[in-house]
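K.L.:
Before we start, here is the structure in question, set down as structure tokens.
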């Protein structure tokens, strides 16, 4: 840390009125690119319009203008998010049974969608309890609203209106900061100031505000709800905020005010800031006093972090200095030159952010069931399954996006002359070693993981169960995973003396928690079946990484195409006369990576769905006997491929296949339709461009004969457009099929 003199004067970081607001210009399709602004001559124009509308690099080379467009677009994105949130809250206010769910969350199912009676569609309005007919929703909003202390549909209505106001504000900000007062490039590149503001402001004050809301509003309201008080009798948020005596009735330490804080007797506040661990037995969710404590702690951490970076005052860290000091004995120049990359290539910045956010999203999906954060979430199995699946898919897409933007950075923004012998350069120089080793790992994992299943199927088919890998024959126990589970289960006694339970019941070491005779969470046993499927996870993830990393490391050049950088991020082949050079662009690696990402996530969500139904979810009798939904069949059945097909896919598809004529029939139609969308994708993926061009020319000839030929000349999709349409339908069809399969099943049996 170095001390230096403060900056002499305040720099003006904003340019006034840089771009005219012109509705005439915006009304012209393709106004952002010269070749598109001319209008269509062939049908390829509409595809290029969509491909390039947000590719700001292709509109201009001016980094400042690109930065402003991205910044402005972020406000537009936030506005859309606010509108979406407003819609969610409005449905809760206008079309839902939230208040009756709040009165009886164990018997009433959440619904916030009522289908209009058009051609018999009202069949979809199932009986969700409490005298309400509607579609059961699985987004978890009801549980979130209860946790935040919302007790009436009027409050939801007000929040919905507030979100629309914020959306308007965001749209205005997006326009204002591009057309009226646009930041200069130096402002976007001032990373220390940005780190301080984002860490202290967004994360620090944001967490502090949420902790404050939890302490003053959510905790007392939830305490009263848990005690069975009628929501209409509970004080309103403003009454709790303004009247300390009301709070002191639930949490006595409020009567002492801030004296314990300033006299450092912080333990006085332990009635509303707890460290209990485990789940609240009434709601099956985390103790809200634990989560309030957590957010307060997070706020303190980030408020400190937001004062760490050196700006006008000459003290604190410099990101550039930290990166350049980051050298080791085997790493050459270390991270020298990385700072310049991250302040001039937004693709490089985005790649890192997407990889991090994608990984965090996947971690969130695991925490949603292992540490259910909201009341009555854990016993709403359909919502649990939906939240896990949703966050897994999102995480997968974000990670593929990270590889896409990393490759775009390498093609468009990487300057080899400024990156000599730093870590990035060294990775690119020994890319052959990395990729060939990774390839070997993939082959090893693939043959061995799949081989274990094939062995089991063969032994099963030959009637030799004693020679199978299973918990009752040849055991392959996941001993490391079991050791980790055990360590966490024993932790409260040794590492956290004040905690009464572990971080999650899933680790084991305690009894299950049941709410109204339904299992919220129980210790999750791991055995041979989990060992087998975990190695399939390892295999699919490593193949995904192989494809994506090869795309990034060979994006600029390869032995096959040394001048790949000149061909750009996406190109079909290396020109005429060079056979065997098709489908080698960085874009094609992203395309292939998407399929393996889909494989990876599918195996994960199938594993989760079956494992939870078999070993966790179920009902508890008055005598304490637990009966799981599929009766614990995972350990024996999932050790063969045949078991996955017969006892998971086929057995659990019965609900969606037999859903016709019931309130779940929409899932039956979706199951059918999404299979069709998926199959439609194969038409784009298996046939070549020339086939379609010939067909089109024949059809155009017929139109000319009848003198009804269009002015815009029809063209077959380019190779890349065809593959893009193909992978889109493949993923959408596959995901919607899985969605219908999961929900029809779990809504029926959960």
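Residue positions begin at 1 at the first shown residue.
A Cβ is built for glycine as well, from the same backbone N, Cα and C atoms used for every other residue.
These came from Swiss-Prot, pasted as-is:
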BINDING   573, 582  [4Fe-4S] cluster binding site
BINDING   675  chlorophyll a' binding site
BINDING   683, 691  chlorophyll a binding site
BINDING   692  phylloquinone binding site
TRANSMEM  70-93  transmembrane segment
TRANSMEM  156-179  transmembrane segment
TRANSMEM  195-219  transmembrane segment
TRANSMEM  291-309  transmembrane segment
TRANSMEM  346-369  transmembrane segment
TRANSMEM  385-411  transmembrane segment
TRANSMEM  433-455  transmembrane segment
TRANSMEM  531-549  transmembrane segment
TRANSMEM  589-610  transmembrane segment
TRANSMEM  664-686  transmembrane segment
TRANSMEM  724-744  transmembrane segment
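Tell me about the surroundings of these features in the structure.
P.N.:
Following the DSSP three-state reduction, the secondary structure of residue 582 ([4Fe-4S] cluster binding site) is coil. Within 10 Å of the C-beta atom of residue 582 ([4Fe-4S] cluster binding site) sit 13 other C-beta atoms, taking all shown protein chains into account.
Spatially close to residue 675 (chlorophyll a' binding site) yet at least six residues away along the chain are 733, 737, judged by Cβ distances under 8 angstroms.
Under a cutoff of 8 A between CB atoms, and with a sequence separation of 6+ in the same chain, the neighbours of residue 683 (chlorophyll a binding site) are 726. Following the DSSP three-state reduction, the secondary structure of residue 683 (chlorophyll a binding site) is helix.
According to its DSSP assignment, residue 692 (phylloquinone binding site) is helical. Non-local contacts of residue 692 (phylloquinone binding site) by the CB criterion (under 8 A, 6+ apart in sequence, same chain) comprise 716, 717, 722.
Non-local neighbours of the transmembrane segment (70-93) in the same chain are 54, 56, 112-113, 139, 141-142, 145, 153-154, 156-157, 159-161, 163-164, 166-168, 170-171, 173-175, 177-178, 183, 188, 346; each lies 6+ residues outside the stretch with a CB under 8 Å from one of its CB atoms.
Residues 17-21, 68-69, 71-76, 78-80, 82-83, 85-87, 89-90, 92-94, 98, 145, 150 of the same chain lie 6 or more positions beyond the ends of the transmembrane segment (156-179) yet place their CB under 8 Å from a CB of it.
Sequence-distant contacts of the transmembrane segment (724-744) (same chain, six or more residues past either end, CB-CB distance under 8 Å): 138, 382, 385-386, 389, 393, 591, 594-595, 598, 602, 605, 609, 652-653, 655-656, 659, 664, 667-668, 670-671, 673-685, 717.
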K.L.:
Who are the chain neighbours of the transmembrane segment (346-369) in space, where the CB to CB distance is under 8 Å and they lie at least 6 residues beyond its ends?
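P.N.:
Hits for the transmembrane segment (346-369): 66-67, 70, 377-378, 384, 387-392, 394-399, 401-403, 405-406, 408-409, 412-413, 506, 521, 608, 612.
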K.L.:
Measuring Cα to Cα, how far is residue 691 (chlorophyll a binding site) from residue 573 ([4Fe-4S] cluster binding site) in Å?
P.N.:
18
K.L.:
I need the most crowded of these binding-site residues: 573, 691. Count other C-beta atoms within 10 angstroms of each C-beta and give me the top one.
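P.N.:
It comes out as 573.
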K.L.:
Taking a Cβ cut-off under 8 Å, which residues six or more beyond the ends of the transmembrane segment (291-309) line up next to it in the same chain?
P.N.:
191-193, 195-201, 203-205, 207-208, 210-211, 214-215, 218-219, 272-275, 316-319, 373
K.L.:
If H, G and I count as helix, E and B as strand, and all else as coil, what does DSSP give for residue 573 ([4Fe-4S] cluster binding site)?
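P.N.:
For residue 573 ([4Fe-4S] cluster binding site) - judged by DSSP and reduced to three states - the answer is coil.
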K.L.:
Can you work out which residues elsewhere in the same chain, 6+ from the ends of the transmembrane segment (531-549), have a Cβ less than 8 Å from its Cβ atoms?
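P.N.:
Residues packing against the transmembrane segment (531-549) from afar: 399-400, 403, 434-435, 438-439, 441-442, 445-446, 448-450, 452-453, 469, 476-478, 481, 589-590, 592-593, 596-597, 599-600, 603-604, 607, 638-639.
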